[in-house]
Amino acid sequence: MSALRKLTSSASIKRPRQSTPTSSSQGLRLFWLDNDFNNKHSQNSLRELQQIVDIIETYTDVDKCIMAINSLSNERLCLISCGSLGETTVPVIHNRPQVDTIYIFCQNRTRHEQWARNWSKVKGVYTDFDLICKSLKQTRQDQGQDLVSISFVGANDVSTQNLNGLDKSYMYTQILKEIFLTINFEQRHFREFLNHCRAHSRGTLEDEEIIKQISQNYQQRNAIYLYTQETFLYSMINRDLRTMNVDAMIKTAVFIRDLHNQIARLHSQEYGRHRPLELLKLYRSQSLSNEDFDKLSKSNGGLLSFNQFLSTSKKKEVSLELIRKKEQTTDSVQILFVMTIDPSKSSTPFANISSQSNFQKEEEILFSMHAIFRIEKIEPTDSCDLLKKVYLTLTNENDQQLQQLTECLRNETEGSTGWYRLGKLMLKLGQYTKAESLYQILLNENPNEHERAHIHCQLGLSKYHQGKYSEAISLFEKSLDLSRHTSSDERNVAECYNGMGLVHCKQADYSRALRYYKRALEKRKNILSINHSDISELYNNIAYVYQQLGEHDAAIDSYNKAFDIYQKNLPPNHPDFAAYYNNVGLICLKDLDYSTALGYLQKALEIYRNTLPENHPSLATLYNNMGMIYVEMNNLDLARSYYEKALEILQKSFSSTHSDLAAANVNIGSLYEKMKEYSKALSCHEKALEILKKTLPSNHPDLARCYGHIGVVYFRMGQQTNAIAFCEHAVRIAEKVTPPDQQLIQSFKNNLECVKKNA
């Protein structure tokens, strides 16, 4: 029996290849393991810790604590353990990459120091809890300094235009910043920012005071002052930028805009046209893991970018003092960045903020986001092997492919207002519910009919991506109706036709999908150049329909037309190339050429990982397809790994009733069938069936396939009555599929006959 396969062609996004942050996206995380937390002393200590760290989890069960540590992926934590539990737990968790620092809190220091000295991550054995709190405060300060996102491009990579370092977060935060700078924020946006601040406050007096200032006396010219206070605000803003937390970034957009604008104003005042531009020498200290320092060393001569707001100092001693305060470890390297700045060559504003800052004596120079430097040389210092000097020169150079890709994204998210552009960017990022929310707000602001037509179309696309197909069709039809009553906007009409084609394709109504795609193509050819990327999108969509209809020659012809346009317009790392490689790989899979298919999909994966967020649904599509290839190659363990990756992304991206989740469950269920784990297979198929019955028309072939799978699983389990019932249901649905698919009907009839014969 054939597996249910959702093989959509879509673009993906990539995780950073060479970026330094490894800590929790939520800030400083602490686990506390102890025998009892119900006593007064523990409760007081917890309240004290809440003033310092962002997240505290307490455990009295060692196994649960270890499981929680193992469940963290790219996050780092500090652990406090009592002596008795620590003696048995530390050997188990010490080498976990998630564990950064361990504190032992006990009554018998001498006894526990004997075993603790064998474990390098144990920072100390303490009988005074205040000393642990003091150390955690320093750790938090170090974390704020060190967790600035850095990415590198080696010298050879720049010269060969090979994107290998400046990760996709640089591109997306750049576009977000540009959009934020064009938005007219209102009082409700400020209230969202204030509420976001309150949600992230640790409740300290300093935090409460800064929230009071924001609430009662916020002014744009105070942004730098507020940012440089020793409160949650500094770490919150940079954490959101570092982790690409788009929802949080939108809530803080008004402050990001004001902070950038204030830096830009000061920059203009200090480095205006008629002022002599002397070179500046600046310093910054930062810890890098040994692995990241190795990457930095290999990038010597290349580019380095700081993707967040960047704090530096004119005083070398300020940076050296920060290094001295840090505990030296063998798993990290202390870096002293020595930066040469030519103000005439900077595309990123920076300013001396001494008069605005809370630390006036430090002579702080603050850069806005996206400062790019040339790595001139790296050398050791005389004082310490673990302290390295890295000499940087500010440059207005860039990774050429990344620049091209950013320009493509800029064009693909063009719009009449900042909020409209932001909605389009959310669609690109796979943030479909956020896009819907933004467009719904725009719709409620009484736009004219021309604008309403566009907004309804974009709402239709967001609904389509969420698997709400009937709602999507209604919105596309509403948009078309509005377009007919206004001055004709052929581009929006074409977009609606394309959207309706997408929906019908998802519902396996391929003939209708093809009609809409061809209508859209005709419209776009009338108003756009023949090599416009919107034309290539439709060739790609048309090819996919031909592929599903089994017309492989027509599919390849359309894919090649799309590819020709890509080559003329797009950088080679654009997600549209990944979509092309994905789809051609599927044709090779259909032709049983597994190694070639895998090669194409690996090309797609390389692009996706470099250009899309790591939880983008398109990446799930690719993982699913790679799983299918490994199934055919009988590498079932690897297939399961890819299927589970796909399912994990889809569960994070979509509601529990999205049809793509059904597809993922069917694929995993089919794999369990092959592995003869029939109970697990049945569970997966039943989850899929529950979703498909809610989301697909009753004559959809995927519904027939799901019933067929369940029938065969029941047959393998020896439950013949259930097997016959489900196989008969599969045949009935297959006979209603339009256009008729005789091969599908016959396969289910053969299954039914086999089940009855062996009943």
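A Cβ is built for glycine as well, from the same backbone N, Cα and C atoms used for every other residue.
Here TrEMBL flags 7-25 as compositional bias 'Polar residues'. Residues or ranges marked as domain 'ADP ribosyltransferase' in TrEMBL: 210-382. The region 'Disordered' annotation in TrEMBL covers 1-25. The repeat 'TPR' annotation in TrEMBL covers 416-449, 453-486, 494-527, 536-569, 578-611, 620-653, 662-695.
Sequence-distant contacts of the repeat 'TPR' (494-527) (same chain, at least 6 residues past either end, Cβ-Cβ under 8 Å): 8, 457, 460-461, 464, 469, 472-473, 476-477, 479-480, 483, 534-535, 537-539, 541-542, 544-546, 548-549, 659, 696-697, 700-702, 737-739. Remote same-chain partners of the repeat 'TPR' (536-569), defined as residues 6 or more beyond its termini with a Cβ less than 8 Å from a stretch Cβ, comprise 8-9, 498, 501-502, 505, 508, 510, 513-514, 517-518, 520-521, 524, 576-577, 579-580, 583-584, 586-587, 590-591. The predicted model assigns the repeat 'TPR' (662-695) a mean pLDDT of 95. Same-chain residues lying 6 or more positions outside the repeat 'TPR' (662-695) and placing a CB less than 8 Å from one of its CB atoms are 1, 3-6, 467, 469, 620, 624, 627-628, 631, 636, 639-640, 643-644, 646-647, 650, 656, 702-703, 705-707, 709-710, 712-714, 716-717. Taken residue by residue, the repeat 'TPR' (416-449) breaks down under DSSP into 24 helix, 0 strand, 10 coil.
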